[in-house]
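See below for the structure under consideration.
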Amino acid sequence: MFLRRLGGWLPRPWGRKKSTKTDLPAPEPRWVDSSPENSGSDWDSAPETMGDVGPLKTKDSGTRRPPQAAPESSRDTRVYQLGSKRMDSLKKDKAASAIQESARLETGGAVPKLDLDPVDSGGMKNLGVSPQGRLGTTGPEALLEKPGRRQKLLRWLRGEPGAPSHYLQDPEEYLQISTNLTLHLLELLASALLALCSRPLRAILDALGLRGPVGLWLHGLLCFLAALHGLHAVLSLLTAHPLHFACLFGLLQALVLAVSLREPVEDEETADWESEGQGKEAKEQTEGPGRAL
């Protein structure tokens, strides 16, 4: 074995063929013809591979291949990877700035803050991740979660719990708004008809000489009949054009609901102001004797 290694280290140009392709990075192992006819020795007849021979030699000179080629290639790959990671981080920073700008324009100047962690081992930044390892509350998803004016209006119209409305606090009271409105409209119509026909009927009865209890009874009966015929005429007119009067009633009901739903909020605000004023007065009264002492 030692002689075989020694024979491999010694230069023997007549024993094996020299490799002509020395620029290849990793030559494939091949069998060398080391027969007794070529080498002239019996111990050299065993087959051996190029891996046992040692470093390759160039054709022109006996110098070895410089070992700096592999480190240079690995260094180039590392530089390329670092450059690609920096480009990715720059792209993510630009995306984050674009998101902040769009959010600032939508919210009217309020810029949401994105959680930016320090640079990790790969040289990249994590956007929207808190140090505890959980997703931050800020970001495009959080921006989408914030309700806009249209969503608030829809919630207010639907009477949802998240809407700024007091509809769900006392539903029975607010359900009586529409019924009371219809009742008041019919009452106004009947009172207008009665006021319209009361004086003429009273004048007619006085002219006929019907006074006293009999005149009062007749006056009441005639007013009832006149109001009944008047209501029949008005209701027939309303049923002849239901769409137009329904639109008018809807507009009137919307105004009444807007006013009645806004009043409790104002009442609560005034109550809060009054309670705050009373609290300040009580503090001043308690602090007054203390200062005097």
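Placed from the backbone N, Cα and C atoms, the Cβ positions cover glycine too.
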Candidate set SER19, SER34, SER275, annotation phosphoserine, source Swiss-Prot, matching residue:
SER34
Among SER35, SER130, residue that the record in Swiss-Prot marks as phosphoserine:
SER35
